[in-house]
Amino acid sequence: MAGIPDNIPLQPVRHKKRHDNKHRNGCCPWSSCCGMGDFRPRTVWLGHPEKREQRYPRNVINNQKYNFFTFLPGVLFNQFKYFFNLYFLLLACSQFVNELRLGALYTYWVPLGFVLIITIVREAVEEIRCFLRDKEVNSQIYSKLSTRGELLFTLKDSAAGVFVTQKTEVICSCFLRTDQLDGETDWKLRLPVACTQRLPTAADLLQIRSYVYAEEPNIDIHNFIGTFTREDGDPPVNESLSIENTLWASTVIASGTVVGVVIYTGKELRSVMNTSNPRHKIGLFDLEVNCLTKILFGALVVVSLVMVALQHFAGRWYLQIFRFLLLFSNIVPISLRVNLDMGKMVFSWMIKNDAKIPGTVVRASTIPEQLGRISYLLTDKTGEWPLCVRSGTVSYYSTCITFYSISQKAPAATKVRKTISSRVHEAVKAIALVHNVTPVYEANGVTDQAEAEQHYEDTCRVYQASSPDEVSLVQWTESVGLTLVGRDQSSMQLRTPSGQILNFTILQIFPFTYESKRMGIIVRDESTGEITFYMKGADVVMAGIVQYNDWLEEECGNMAREGLRVLVVAKKSLTEEQYQDFEARYVQAKLSVHDRSLKVATVIESLEMEMELLCLTGVEDQLQADVRPTLEILRNAGIKVWMLTGDKLETATCTAKNAHLVTRNQDVHVFRPVTTRSEAHLELNAFRRKHDCALVISGDSLEVCLKFYEYEFMELACQCPAVVCCRCAPTQKAQIVRLLQECTGKLTCAVGDGGNDVSMIQEADCGVGVEGKEGKQASLAADFSVTQFKHLGRLLMVHGRNSYKRSAALSQFVIHRSLCISTMQAVFSSVFYFASVPLYQGFLIIGYSTIYTMFPVFSLVLDKDVKSEVAMLYPELYKDLLKGRPLSFKTFLIWVLISIYQGKPGELRCTLNSAVIWAAVVLCPFQTASSCDLLFWSQMCHEDVHQQFVLF
């Protein structure tokens, strides 16, 4: 971290002006043209969309870059806004002027038209595919409530105020998965409006006079402010609405049916506002070639001025300058564009047909060279959660079923030292009780849902919870014989291996918080009447709560070294009097107006003493196959990996360690939560003193740092071997990508598998989508799509490297070929007193440079310096490409010198032959050479030069 001053000055950041291609209030800066205007709060009458007070956008998904009217102008603009293409357009247009015409019009317009047709067809195919995908989404069928019952309608026909029904039978609550929106894979609890739950049927919602007041649309996916008002009640009912009452688009309902009223549509959706419009990506390689063509054009102008100067600017010298510009136009070869475009198509075909990365799709065939120069890889996190449980120094994963069966036969109360089987019984029961998981039963085939729930059908049961770790705990207890079969707000049912149902009454629940790092539950066993307080939490917290033991610290260390997230499970038995006393104090603390949280925590802590230690649980993120080797390859190739995820800080940190993104011997600096500029200043100074350590920072702290110390933070972060950003919003991910591009000037690659990664993928220089459990939204928006993360290594190390090296060699060889022709033309003109006389007919130039010598040169797209296995075994070969050596000003100058040197011998022979021809025409006016003779001698010159190219 050297180079940063010890004391960062407290000065406001002067932000760079960013050109964002997304206008949040509409499709353009003049939002009124779209019928949108500024976002405003709205009042939505239930069941009466016609009562709207303002115009709302259509509920249509549109991921296309163009429409019917802007397609052709947009494609042409994107082509001719770069000098390389604009030069050939002006060159072709100049041939309409008789004084400047050097040959037939087709000699200039055919190559240019060929390039444009290929580009237009490619863009049209991509737009049609995108249109068909959008049409499929917009044509999804939903049902809505009306006075005539439930009616079917498509997604695009929905409007604010319409009641939409989604499949469910859950009345009091439902679980929601938001991984496509914020990247979190856990289930979130959503609650209905309380006053509507007393209506007999859903159809009665149309009979009441009520409305929803909602805040203006914004990008915040974690908050919502609104009110529900029912006017026909006595008295009128007003109920506040929050994020717990919302169902955002792009989320998934776990099970059952819900009835909701449409509030936001179209471009006002949270998911749409958190994504950016698709943009036309131009590769760095194409920009470098564009820069070289500017240099060649400068050389063309200099050569033309020298030719006119050698004529002493006689006559209409300004016209001669233009004629020389056209005459030496081969210095900037149009065949370069043809060869490069066809090369990109070959590279894309090779990627799609690679048997070692099956299912790979290329959706942006214009930037395969980008894959060979990636410096920063930004990726999301994916994973599943298996579980292992330990008690004492023994692991009981494989023997729990036997032990639990034996413990069922043991006496309920014993005064002797507890046996291993009884301790296992208590540990498994504790894990099955201390959680927030709810089993939900869904209809399976012909099985009735109510009947399935009544008989606890295993095939119809689905676990729902706010954390996937919790689901893993319950699934593990099911695998060893103790199954959670039922739960509501006041009771819980467990089924033993023998089929017996154990009923428990839930007396109190103490949810997990980041401050307490533990959760607890008090239950009463209906069969025995025993009251038990169960608790689980982090080992650093639980070590001071449980009774003294000699194995907790050792086992926690062993599990931590295996990359597991450790939880300690304990219990405490309570008498009826103890619980009644606790409940009275607990209720009194919750009624306090001042310092309520502190008083409630104090009452709970009175129970958290001398608890009996039962077991440890270790949860591990199981990544996709070969994720660790792939990350190792990327690091050895000189690519820095940043993980941007919507998960919690603890989950993101454990995942980074498990994936070896952060090595075991590497220090990890967890950026403390900051809210002000002074706090950010102190934390940045503390971070500056760390050396060679990974950074873990939350989205809220990141926003504060970027607001006040954008440059300082990015400079420190770019020096870290790895960076983990947790709780990142989709717009924050895109912002980080943009800042990396601005601050480092290096190429970035974004990898994601969820809808929350779309903005990041579209903002990066190269976007890769992974088809996974979170759907195909990221895959469809990406430039390249893979089926597994491990395929990314071969995509970059082999195909990216080959595409860049081959394109670099191909472009310079095409320039070399054209410079040879221009060298011969220059000397030929010098022989005839610097006259603007063409050496070849126009169609011969086209035939020679574009067709006749194309295949020997184009064969470079098949060139291979090392085998693919070697490229994967030695990723350091990729690191050399990051400096851009295959195509640089140095290599370009070397090729120019070679072109001039090799063009000289062929030029002398062609000049002598052409001189003989022209002398025959001048000296023998009555016996002139025919056009066939001229063509014959020109072809001989071409063959001589071609032989030199092949030998070279």
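Using the three backbone atoms N, Cα and C, a Cβ is placed for every residue, glycine included.
What TrEMBL annotates here:
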type: REGION; residues: 1-23; note: region 'Disordered'
type: COMPBIAS; residues: 13-23; note: compositional bias 'Basic residues'
type: DOMAIN; residues: 48-108; note: domain 'P-type ATPase N-terminal'
type: TRANSMEM; residues: 68-90; note: transmembrane segment
type: TRANSMEM; residues: 102-121; note: transmembrane segment
type: TRANSMEM; residues: 287-311; note: transmembrane segment
type: TRANSMEM; residues: 317-340; note: transmembrane segment
type: BINDING; residues: Asp380, Lys381, Thr382, Glu470, Phe512, Lys536, Arg565, Thr645, Gly646, Asp647, Arg727, Lys733, Asn756, Asp757; note: ATP binding site
type: BINDING; residues: Asp380, Thr382, Asp753, Asp757; note: Mg(2+) binding site
type: ACT_SITE; residues: Asp380; note: active site, 4-aspartylphosphate intermediate
type: DOMAIN; residues: 780-903; note: domain 'P-type ATPase C-terminal'
type: TRANSMEM; residues: 814-834; note: transmembrane segment
type: TRANSMEM; residues: 840-862; note: transmembrane segment
Within 10 Å of the Cβ of Asp753 (Mg(2+) binding site), how many other Cβ atoms can be counted across all chains shown? 29
Looking at the binding-site residues Asp380, Asp757, which sits with the largest number of other Cβ atoms within 10 Å of its Cβ? Asp757
Per DSSP, what is the helix/strand/coil residue tally across the domain 'P-type ATPase N-terminal' (48-108)? 33 helix, 0 strand, 28 coil
For Phe512 (ATP binding site), which residues of its chain lie six or more apart in sequence with Cβ-Cβ distance below 8 Å? Arg518, Met519, Gly537
Could you tell me the mean pLDDT over the domain 'P-type ATPase N-terminal' (48-108), as a whole number? 78
Filter the binding-site residues Asp380, Arg565, Arg727 down to the ones within 10 angstroms of Asp757 (Mg(2+) binding site), Cα to Cα, kept in sequence order. Asp380
Please report the distance from the Cα of Gly646 (ATP binding site) to the Cα of Asp753 (Mg(2+) binding site), rounded to the nearest angstrom. 12
Check the Cα-Cα distances from Asp753 (Mg(2+) binding site) to the binding-site residues Asp380, Arg565, Arg727 and tell me which is shortest. Asp380
Row Arg727 (ATP binding site), column other C-beta within 10 angstroms, all chains, value 21
For each of Arg565, Gly646, Asn756, count the other CB atoms within 10 A of its CB; which of these binding-site residues has the top count? Asn756
